[in-house]
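Database features (TrEMBL):
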TRANSMEM  22-41  transmembrane segment
TRANSMEM  47-67  transmembrane segment
BINDING   Glu105, Asp134  UDP-alpha-D-glucose binding site
ACT_SITE  Asp134  active site
BINDING   Lys268, Asp292  Mn(2+) binding site
ACT_SITE  Asp462  active site
TRANSMEM  533-554  transmembrane segment
TRANSMEM  574-593  transmembrane segment
TRANSMEM  614-632  transmembrane segment
TRANSMEM  663-683  transmembrane segment
TRANSMEM  695-713  transmembrane segment
TRANSMEM  725-744  transmembrane segment
Amino acid sequence: MANPIALPLYEKIPRKNTLQRLFDILIFFLLLSLLIYRFLFLKNHGLTWLLAFLCESWFTFTWSLVISTKWNPVDYKTHPDRLLQRVPELPSVDMFVTTADPLLEPPIITVNTVLSLLAIDYPAHKLACYVSDDGCSPITYYSLVEASKFAKLWVPFCKKYNIHVRAPFRYFSSNPQTFGGSSSDFQQEWKRMKDEYERLSHKIEDAVQKSVPSDFTGDFAEFSNIERKNHPAIIKVIWENKTSLLDGLPHLVYISREKRPNHPHHYKAGAMNVLARVSGLMTNAPYMLNVDCDMFVNNPKTALHAMCPLLDSKSENKIAFSQFPQVFYGGLKDDPYGNQLVVLFKYMGHGIAGLQGPFYCGTGCFHSRKVIYGLSPDDVDSVNDNTINHNGEKTANNILSNFGSSKELIKSGADALKGKTDPPPNLSNSIQASYQVSGSGYEYGTSWGTKVGWKYGSTAEDVHTGLMIHKRGWRSALLSPNPPAFLGCAPSGGPSAATQQKRWATGLLEILFSKSCPIFATLFGELQFRQCLAYLWILMWGLRFIPELCYAALPAYCLIANSHFLPKVQEPALYVLAAIFIIYNVYTLSEYLRSGQSVRAWWNNQRMSRINTTNAWLFGFLSVIFKLLGISETVFEVTQKDQSSDDASDAEAGRFTFNESPIFLPGTTILVVHLTALVVSLLKLQPPARDGHGSGLGEVFCSVYLVLCFWPFLKGLFGKGRHGIPSSTICKSTALALLFVYFCR
């Protein structure tokens, strides 16, 4: 029998993907052959042919990035049982939960996430949970105080009966026999726990309806006369594991950082840096987990899985963070908004894992504190407390010189870099210093947000921070245990989904157009070339609207002006186009079917790809252009979060919703333009073809295909309420469509 000490804590297993590679290359060569054909006959055709050539050149370039990214997919297999045998004392973990708006992110969702974190299978005295409330809401604080009381019952119950699902709302939505047992003692305790949780839910619900949980006395005095964007820091130790009990309750700390109107607060990145500083003073754990407020722990052994690559001797100085895929619970059937990301993570995610490692996704990620503080792989051994030398001391001093004026924070930072963990025996001893580092002006004159901590300058602070970590030469690991480590809720409405997509496109383009561009990171840093291509693939999402919008306009233009941009039936190149269309769609459909998705889910994702690109990503691009021109700053827009249910019987579930936002204007215009073009073609209202070659069946097919892609908008033209496109948007779209027809003529 193999010695467990000699066995690795994780394995990196390559996936077999020979067939996938063949299809990828086949599509690439078909695209290249189409481009060659276009180029050779460019002089014989007009502007439409040139535009098609440019758009298809972009599609070919994008596909080459996809091929590079997906070429070497890997799976990480972790062995937490070996970890427990090999590591006599597990390292401490500070767990961060971020929330920003009690209306868009209801406190009951945050509470369930916190309860699931407090109950994970990990020594309680090694854990501390910090909740950042950027909304400075007394209701959120009240909810956490009440949740800490329930946690004293919930955590022992989970560990006694080895409950797998440790978010109460999710657990109690199922039959008790499903997650626990059938003994009479268990049944009684299950009913007691459910009653206690329902009381907790009612208390929080009552507080939300009253808007204030108390009369702002005692513990709530600091919340009186608070303005959300203008208030001092509030830090509360809700629960402290003073006796350091192994099976007790982890520390629970509430933080609302100081905000002032004239001081930039840098949205989520700013909140994460305050959490890093305050936790550094209070507990200074060598590892940090961050989750969004809706992302609860679904696998109680998550922390043990994460530690396997971080603590393995062969990768301890190579892997900076363990990232878990985003998986969603209670999602709408067939993914009508195309935002459940199942296939994206399975193929692109595991492909990136085979390079320098997955991107940091902003939630469900375990970080090394010394890496977040700015340490490079080459400097890890030199600053270690046991082997520190002159160069190591110089490196540590360079990093700490950018920490700010807090002597306590500098000392804790020095300990973290050296691998020492000697936090104060009492959390309250660090309160005063914590207020100092939570101040709105603390970061002035420091490198927080640039060289230290989470990076500023983009609303996609997660990808930005991960890119800068990879630039220093670190790697990362993508872990996909069964069951999934975390579950969250995906936006369940048109406006929410569009807001999320716009924010992503905005943040990604901000990185692309900055000094942090991955091209510079490869030329002047340690970012690997293919990892650079993978970053370019995602960062250029916001640019894709340009070729997609042009390509979408071409069939409509050709039908109205009686021109053509596709080869004629008698030309062999038409078969190349048909082959690309058929092979690509069959190929992507097979990916969805192999991932356990339905044909309907595949189609929903195909059409949402068109909708997101021409709507949300267009507005993301405009936001960045306005920022670069100095007209306005980008804004971090919080996405509406709901406790989704698995009940798919709701007749309205999955129906596309709209609002007055201009984000739906481009999509509505595209639909109206193509409907007009089809009517013009059907009624033969086109002018005579200039070169004797007018529009044909190819252009009609493309136009019909786009109408099918924008089918939710077609239904929205005749819908009512939130399922209907507002009349003001329809009027504007009609005017733009008429203008387009006029210019076509």
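Residue numbers in this text run from 1 along the chain shown.
The backbone N, Cα and C atoms fix where each Cβ goes, glycine too.
Ranking 22-41, 614-632, 663-683, 695-713 by CB pairs under 8 A with the transmembrane segment (725-744) puts 663-683 at the top. Looking only at the binding-site residues Glu105, Asp134, Lys268, Asp292, the one with its C-alpha closest to Asp462 (active site) is Lys268. Long-range Cβ proximity for Asp292 (Mn(2+) binding site), meaning a same-chain Cβ under 8 A and a gap of 6 or more residues, is found for Val97, Thr98, Thr113, Gly362, Thr363, Gly488. Residues 49, 52-53, 56-57, 59-60, 63-64, 66-67, 70-71, 567, 573, 576-577, 579-580, 583-584, 587 of the same chain sit 6 or more residues outside the transmembrane segment (22-41) yet have a Cβ under 8 Å from a Cβ within it. Each residue contributes its Cα atom, and for Asp134 (UDP-alpha-D-glucose binding site) and Lys268 (Mn(2+) binding site) those atoms are 8 Å apart. Across the fold, the C-alpha of Lys268 (Mn(2+) binding site) and the C-alpha of Glu105 (UDP-alpha-D-glucose binding site) stand 14 Å from each other. Other Cβ atoms within 10 Å of the Cβ of Asp134 (UDP-alpha-D-glucose binding site), summed over all protein chains shown, number 25. Long-range neighbours of the transmembrane segment (695-713) within the same chain, counting only residues 6 or more positions beyond its ends whose Cβ lies under 8 Å from a Cβ of the stretch, are 494, 552, 554-556, 558-559, 562-569, 574, 577, 606-607, 610-611, 656, 664, 667-668, 670-671, 674-675, 677-678, 681, 686, 689, 725. Spatially close to Glu105 (UDP-alpha-D-glucose binding site) yet at least six residues away along the chain are Thr99, Cys293, Asp294, Val638, Lys641, judged by Cβ distances under 8 angstroms.
Neighbours of Asp462 (active site), defined as other CB atoms within 10 A of its CB across all chains, total 23. Same-chain residues lying 6 or more positions outside the transmembrane segment (47-67) and placing a CB less than 8 Å from one of its CB atoms are 24-25, 27-28, 31-32, 34-35, 38-39, 41, 348, 533-534, 536-537, 540, 544, 546-548, 550-551, 554, 557-558, 563-566. Using a Cβ-Cβ cut-off under 8 Å and counting only residues 6 or more beyond its ends in the same chain, the transmembrane segment (663-683) has close neighbours at 494-495, 498-499, 502, 549, 552-553, 555-557, 559-560, 611, 614-616, 618-619, 695, 699-700, 703-704, 706-707, 710, 713-714, 716-717, 725, 729-730, 732-734, 736-737, 740-741.
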